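Student: Checked TrEMBL, it gives:
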BINDING   Lys121, Gln184, Gly216, Asp247, Lys390  UTP binding site
BINDING   His217  substrate binding site
Amino acid sequence: DFSKAMSQAGTSQFQEVIRQELEYSMKVELDKILATAHSNELEHTKKDLEGFKKLFHRFLQEKGPSVDWGKIQRPPEDSIQPYEKIKARGLPDNIASVLNKLVVVKLNGGLGTSMGCKGPKSLIGVRNENTFLDLTVQQIEHLNKSYNTDVPLVLMNSFNTDDDTKKILQKYSHSRVKIYTFNQSRYPRINKETLLPIAKDVSYSGENTECWYPPGHGDIYASFYNSGLLDNLIGEGKEYIFVSNIDNLGATVDLYILNHLMNPPNGKRCEFVMEVTNKTRADVKGGTLTQYENKLRLVEIAQVPKAHVDEFKSVSKFKIFNTNNLWIALSAIKRLQEKNAIDMEIIVNPKTLDGGLNVIQLETAVGAAIKSFENSLGINVPRSRFLPVKTTSDLLLVMSNLYSLNAGSLTMSEKREFPTVPLVKLGSSFTKVQDYLRRFESIPDMLELDHLTVSGDVTFGKNVSLKGTVIIIANHGDRIDIPAGAVLENKIVSGNLRILDH
């Protein structure tokens with residue numbers, strides 16, 4: 001046993017030496033990169049690289065999944081409140097004064113590449129020529145006009161989206177919404193073999209674009225604080241931010257939740273509220289809220305030991321998942337940021353670059369900080385508050401007559417008999433937005449649709465109606481044109497189908 005203990009001590013000493021060497025090598029490389037910065041970018045590059053260094057240090061310290069499965073417990077009953085209970089309290093007469101304490105923050109760092117688009121994802125047209133950003137501005141403008149308030153919009157951009165977003169913001173200069181932006185950090189990608197940065201200097205244009213990445217939305221706390229905007233908003237009397245992904249069209253300002261935050265029934269304010277919703281089969285990979293060491297904690301699938309992944313995905317054991325709609329107290333962000341006390345698990349995101357080089361990105365998720373805040377709460381909201389558009393299959397749903405658009409907000413049509421959304425799976429011929437748009441002469445009537453699967457070279461004529469379960473499969477070399485005015489109800493269509501104009 002003694003020799004075993006000695007060899008273990010030796011191993012851990014050896015690992016410690018390796019760790020120190022890796023950290024030293026990283027510091028040398030980062031100093032070289034910093035030396036190439038111009039005086040006007042020196043300050044923020046320095047802050048970015050300092051933040052990255054902290055993350056890299058933690059990455060070297062932590063090994064294996066970051067949760068001890070045995071410590072995971074179901075959250076206590078009162079730690080996740082049903083939305084109906086919060087709504088039942090009603091609204092006070094002075095809701096405008098409560099609204100004036102709110103700031104809406106949209107996570108706007110993502111590109112539209114997964115949908116075949118160049119530039120920021122928020123500039124993709126989703127409904128009647130309106131982009132995600134248009135709809136967001138319309139929603140907040142409607143609030144400000146209805147209640148005579150001044151709720152500002154803050155966009156967290158990344159170096160990928162900042163220029164294009166700023167150009168487009170000019171078109172809102174006459175709208176009744178103050179719009180601010182700040183940039184999330186820019187971190188260097190790490191060579192998977194050497195664990196050193198692949199960037200040689202600070203530039204991120206041309207062939208250097210692949211050397212850098214925005215480190216996930218968990219970076220909001222540091223970059224919001226560093227930008228000075230957090231202090232400015234506190235100075236203006238703002239108290240809470242409502243944070244959500246810009247591509248979640250269900251994430252509108254909810255007055256009942258806001259009132260619950262500002263006027264808590266027990267007199268004790270929450271610093272952090274996470275909106276969760278019930279899992280369906282489509283959401284089994286979503287992060288879930290658990291009780292861990294007497295704190296509410298967000299557990300993501302990447303943190304789960306392999307042996308427990310199926311259990312994590314179980315809809316019966318973990319019934320809810322995180323929508324990434326979060327309400328956070330500004331004063332708490334400031335306090336925790338100044339104490340360096342925001343603790344988020346590291347997400348290691350492996351990527352292969354165009355040239356075949358394997359790299360890793362170290363990222364964090366905004367919801368993971370829930371355990372650092374006091375008096376956190378989950379609210380189980382209706383599914384309608386989670387309407388993300390990640391693919392053209394999602395886009396088809398939000399463009400269809402399943403939803404009506406009013407003042408920038410989408411609501412499920414009253415003509416739909418049941419509140420669930422149809423399951424839509426469009427094949428690879430529809431992945432890019434321009435291909436998708438080309439294949440629909442008009443968006444089909446989907447009010448009575450349960451399930452749609454489309455695969456292969458398929459096009460839809462005008463005024464097609466889809467009902468029940470519809471499966472359309474054109475095999476390789478075949479083509480299917482669904483004729484104008486067709487009504488498909490519980491149908492499987494396969495083979496070749498060409499309608500020729502005479």
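Using N, Cα and C of the backbone, Cβ positions are placed for all residues, glycine too.
What TrEMBL says about a protein is an automatic prediction, not a curated fact.
What's the neighbourhood like for each of these?
Tutor: If you take the C-beta of Asp247 (UTP binding site) and look for same-chain residues 6 or more apart in sequence within under 8 angstroms, you find Gly110, Lys121, Ser122, Phe132, Pro388, Val389, Lys390.
Within the same chain, the residues at least 6 positions away from His217 (substrate binding site) whose Cβ sits under 8 Å from its Cβ are Leu107, Gly109, Met156, Gln184, Asn245, Asn324, Thr364, Ala365, Val366, listed in sequence order.
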Student: Residues with Cβ closer than 8 Å to the Cβ of Gly216 (UTP binding site), same chain and 6+ apart in sequence?
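Tutor: Ile347, Asn349, Glu363, Thr364, Ala365, Val366 - these are the non-local Cβ neighbours of Gly216 (UTP binding site), listed in sequence order.
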Student: Between the two most separated Cα atoms in Lys121, Gln184, Gly216, Asp247, Lys390, the residues recorded as binding UTP, what distance in Å do you get?
Tutor: 21
Student: Out of Lys121, Lys390, which of the binding-site residues is least crowded by other Cβ atoms within 10 Å?
Tutor: Lys390
